[in-house]
């Protein structure tokens with residue numbers, strides 16, 4: 001095995017998906033703690049400490065306690081290199097989340113044991129299913145009251161349409177939480193709460209059929225043994241291939257806050273989740289062990305660091321290796337660039353990178369030339385597929401409070417649109433600026449970021465736009481004819497693409513009927 005193949009085999013790149021408040025930020029911290037990437041796991045939102053989770057770094061996130069933007073963290077664990085991507089937990093951020101999930105090889109689903117499967121989890125699982133992403137499940141908050149675990153597994157199967165195979169099983173919950181039993185290997189892991197940055201020593205009781213186990217479970221012993229018989233009779237057994245195919249999820253129980261069970265999940269990712277996988281490009285399939293470098297940009301993030309007014313493009317490496325100072329071809333522009341200052345992300349700490357391999361996520365400084373979906377190679381013209389833009393569902397007209405700041409407004413919106421935080425449209429017949437979003441919160445985010453980062457205050461006005469469609473037409477003459485007739489509703493988006501802003505559903509249906517040669521697209525691949 002070459003050194004490069006060995007490095008790729010060590011990589012595990014995964015994202016955490018959950019409904020807001022299921023404990024995603026806490027679990028992120030505890031995972032980093034396992035990899036010793038942060039020394040103090042600050043309890044998020046706690047009154048005792050004002051330390052915020054390092055992955056929730058933007059002002060607005062700090063106020064609302066939701067991770068609005070994906071951040072990337074790399075840390076070592078058991079001779080492996082883990083790349084952890086945090087996804088926005090709020091329902092308004094489906095585009096950003098979708099694109100993040102195109103950059104990973106597996107996902108960790110965190111469920112609140114008291115609530116079970118929630119709407120946001122369902123939406124994220126739908127996205128994972130599009131790519132058959134393997135899912136590891138963690139049922140969290142066993143230090144509180146939870147629903148019946150068998151009921152929770154049934155719900156995962158019924159609602160998320162995936163087989164659930166419990167690997168560990170909880171012994172009690174809330175004040176009676178005594179630990180978990182490992183179903184396949186017949187041992188008990190005793191619960192001792194470890195808060196903050198404490199990593200408690202694990203106490204193991206070998207064999208359920210032992211005096212020590214009987215003493216630990218006390219009066220609950222007989223009932224627990226009966227429950228286990230039921231579980232083992234009714235539940236699926238773990239099957240590696242079904243997991244890799246995205247048809248079965250191994251389920252673990254624990255409490256991230258009490259620092260218990262998180263290591264079981266990380267072990268599962270290392271032992272079972274796939275190493276970096278091959279990627280489909282328009283031209284061919286790219287294997288991770290190929291010598292030549294290739295990668296695609298799945299996210300652009302403005303102002304990650306108030307100290308540096310900058311934009312960072314996040315790139316997933318698909319093949320080869322990155323070496324500091326190497327020359328790459330920016331395929332869309334057909335330009336060669338030398339990249340000497342790529343970054344890796346150790347939580348919110350940035351470090352200059354010397355080398356990186358397939359599966360790693362690196363950050364490139366972006367001075368406005370890089371767009372989402374861009375491919376970088378060592379010369380080959382490749383375009384990776386499946387990184388879409390979605391048509392927004394909500395629209396607002398932007399009104400400036402200070403008319404002298406229109407230049408800053410345009411610049412700010414252009415940058416925010418580039419990173420996928422919003423979509424911006426410039427109608428051909430007016431000087432209006434129209435914003436499109438997938439959820440209402442996105443408008444708040446844009447307004448607060450314009451104010452914080454670009455010193456521009458704006459207000460929103462309602463506008464009669466039902467939906468946007470990207471226009472495509474092979475017949476130049478027909479396209480010109482269409483542009484003349486439909487000019488009242490035509491706009492150009494932030495990337496310069498012609499867009500039809502349909503005032504109503506009926507109008508769109510009529511236009512599609514009237515112009516059969518014109519394609520009205522609801523999604524647009526990033527070219």
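Numbering starts at 1 and runs along the chain as it is shown here.
Just so it is clear, glycine is given a Cβ too, placed from its N, Cα and C backbone atoms.
Feature annotations, courtesy of Swiss-Prot:
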- 18-25, 86-90, 140-143: GTP binding site (BINDING)
- 9-277: domain 'tr-type G' (DOMAIN)
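On the 0 to 100 pLDDT scale, the domain 'tr-type G' (9-277) averages 84 in this prediction. When the binding-site residues 21, 24 are compared by the number of other CB atoms within 10 angstroms of each CB, 21 has the fewest. The local packing around residue 142 (GTP binding site), expressed as other Cβ atoms within 10 Å of its Cβ over all shown chains, amounts to 27. A 10 Å cutoff on Cβ-Cβ distances gives residue 18 (GTP binding site) a total of 24 other Cβ atoms nearby, all chains included.
Residue 21 (GTP binding site) falls outside any helix or strand according to DSSP and counts as coil.
DSSP assigns residue 142 (GTP binding site) to coil, not to a helix or a strand. Mapped onto three states, the DSSP output places residue 87 (GTP binding site) in coil.
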